[in-house]
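Q: Right, I'll just put the structure down here and ask away after.
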Amino acid sequence: LRYHCGARSRNAKMAADLGELLVPYMPTIRVPRTGDRVFKSECAFSYDSPESEGGLYVCMNTFLGFGREHVERHYRKTGQSVYMLLKRHVKEVRGAAGGAISRRRNGRVFLDLELNRDFNGDEYECEDEAKLVIFPDHFEIPLPNIEELPALVTIACDAVLNAASAYKKQESDSWDEEIQVSKHARSLRQQDNGVRIPPSGWKCQKCEMRENLWLNLTDGAVLCGKWFFDGAGGNGHALDHYKDTNFPLAVKLDNITADGADIYSFDEEEAVLDPHISEHLQHFGIDMLQMQQVSLDNSDSVRPRVSEWEVIQESGMKLKAVYGSGFTGIKNLGNSCYLGTTMQVLFSIPEFQRAYVGNLQRIYDYSPLDPTTDFSTQMAKLGHGLLSGLYSKPPMKSEFIEQVMREEYKHQLKGISPKMLKAMVSKGHPEFSSNRQQDAHEFFLHLINLVERNSAGSENPSDVFRYLVEERVQCCQTQKVCYNQKVDYLMQLPAPMEAASNREELIAYETKRREAEENMSAPPEPVRARIPFTACLQAFAEPENVPDFWSSALQAKSAGVKTSRFASFPEYLVVQIKKFTFGVDWVPKKLDLSVDVPDFLDLSRLRGTGLQAGEEELPDLTPPIVLPEDTRAPDIDESAAMQLAEMGFPLEACRKAVYYTGNMGPEMAFNWIIAHMEEPDFAEPLALPSFMEPGPSMASLGLAATPLDNQPPEESIAILTSMGFPRRHTVQALKATNNNLERALDWIFTHPEREEEEEETSDDLLDMSDITEPNDNTFSNANTNSHSTLSPDQDASGPRIKDGPGRYELFAFISHMGASTMSGRYVCHIKKEGRWVIFNDHKVCLSERPPKDLGYIYFYHYNSPSPSN
């Protein structure tokens, strides 16, 4: 009895001590509310997790996670003292004699986390540990400790431990949900009606559609889908068939491979999985197992997509895995390889390494309170993860020998997971925020735009890609010309199929394919077009027609042609082979072709020359703007106008204010009213002109791209200046955002005006370009070139342009596997230390046979001229 009383006394004293210890920090401890994200699986500044040696510290106020090396920074910056330390101990289970693996045994597992390590099945056991840690003394309180802790602290700790990881919550809110097994898969009853599906020649049983065809897995009916199934076109006969029969599952015919197929459930109204798909297809004569055997045997019936996957991934070769700095893989989050390959290439470029990893401490020290949403922080985090070597360590010698004995070649880590970066760079983007496959070319341009917007006042690594394009437009009737320059970051090369070196072979294949389709027989062996790289350059250099060209010389529409040349050559040249086209279903489809892309490239002959002797310029006039006769009334938010009118302003003035501020609300319109009250036509009704006389402008080209020397529209300038911003600042903002009002407003708030100091700084940067460039003998500033036509204020506020000789060497390329940018996968090859390396998601190996002829996006670096030249 005395023993139990003593134990209760000691527990009560401990509870009182802990309560007194936590009293000063109680106001800073919060219970997660609805909408709070709890980052308990990854550090905001690194890829440390609860599985890392030091564990993960979760702030009990902000719920941000920090590794051991970064938690002190957060404590110093915010003064938050109470953190929850989470650890997960993972051990491989050692089998008994004979190497048998024992059953998985888990200790206390209470963290809602996914394993970062590449373990399979029942080969591991894990145990979770949690503590409260009080800074700066690192006083630790083991959890759960319900009896000793104050009630508020207990509730907060319990809520954090039970909260879903921020990423899992985000995936359910923003990203596509994981495809689930259909409830009909196991119980599906198939009709014994003798239907056998041929390998080609399909068409809808109710119409003549030969695209977007779906095979009903109950009765074998082949019918066309509707656009909302996968973005493809059709007449909806597959859905009509379901409504008539209630046969729920269908498989897309042209996507059946040895690895699986696209299956849709009409009843569940979503894409689903069918674990028995092989058996269900076998019922109609489609043997997926035979497909797999055929692909392994490399027989004549291999389809180009399967062959392409093997060649690009270098399948069948014993590739040597490499580890360490610069050889860290990026985990595939599910159709995110377009992001992974792009980031691998960018962080192999010294300028990106220097801008983000070289400035790591400065970026981290000046990061906002929520670093998970800061672009520079997350770029620095990814760059450090790829280049530090911390997340790319070879297995221990004993572990490697054991893996060899067990014929297992597992990576110790899956690479780093870019969830935080992907969530940040894709926020608000309808495509990149999804979990669908995307075009790596479009993502590259999207990322460069983000780099541009977030590099104010610091080094802009995207400068290395930027160059000027010289566009020469000629009026075919008068032969007069006009020259214009625009900024670009990527060279798009057409792939002229008519220039294929094996054209006769292609014609013969197409004839046999059509015959097989008509006869419902097996298709012939596919033939891949081989296109010379010189033919691609020739197609790029040829003139192209300008649609709806308005000739300022004729004052009327006329035929016009445009040629493009380089006004400057960037330090890094990005070349995209345009191998995608649109099918009848409006889905981007890839042309099956190879291009003999060279390792060394000389584009100096494609340099622009500017206006030549004997050429006559087109008059500098803008085309008249004629509005249709049935022009509708301008879109005006009448409720906002009435709010302003109730304040005593004339109604017509209020309507104009709302219109000219783009319906952005009464507050913006009120600022416009204050700025225009003294104008004589202030209270006059809104009048929009239906015809505008020609006036002086460089816009006579009729081109979509905004020329460098084109002033933003005065109407846009007026809207922003009416809000109180200086004219020079608004012009600069509009130029930086391609005249987008919303983005320009955001740019103004994120780029405070520094007036004369800013001009001097810009000039100093330009003057020092020779010092900061890696090769001042090779590159100069294009703004000083004699053929440059930049506007007078371009030097101060425009983008920095470098120029070089136009000679390049290939150092990386991204390849796409699959029939469309909406599907398939990406891998990249990068030349490091004289050897080609393949980056295939988390797997990084030395390349034995880099498939340079099958690439999609190529990256070149300038090649310094040899002394002999």
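Including glycine, each Cβ sits where the backbone N, Cα and C put it.
OK, TrEMBL features for this one:
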DOMAIN    180-288  domain 'UBP-type'
BINDING   C204, C207, C224, H237  Zn(2+) binding site
DOMAIN    328-863  domain 'USP'
DOMAIN    635-676  domain 'UBA'
DOMAIN    711-751  domain 'UBA'
COMPBIAS  755-767  compositional bias 'Acidic residues'
COMPBIAS  772-794  compositional bias 'Polar residues'
Q: Using a 10 Å radius around each Cβ and counting other Cβ atoms from all shown chains, which of the binding-site residues C204, C207, C224 yields the largest count?
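A: It comes out as C224.
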Q: List the other residues in this chain whose Cβ sits within 8 Å of the Cβ centroid of the Zn(2+) site residues C204, C207, C224, H237, in sequence order.
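A: Close Cβ neighbours, site residues excluded: K203, Q205, K206, E208, M209, L213, L223, G234, N235, G236, A238.
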Q: Around the C-beta of H237 (Zn(2+) binding site), how many further C-beta atoms are within 10 angstroms, looking at every protein chain?
A: 21
Q: Give me the DSSP three-state residue breakdown of the domain 'UBA' (635-676), ordered helix, strand, coil.
A: 29 helix, 0 strand, 13 coil
Q: When secondary structure is assigned with DSSP, how many helix, strand and coil residues does the domain 'UBP-type' (180-288) contain?
A: 23 helix, 22 strand, 64 coil
Q: So what's the mean pLDDT when you look at the domain 'UBA' (635-676)?
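A: Mean per-residue confidence for the domain 'UBA' (635-676): 83 out of 100.
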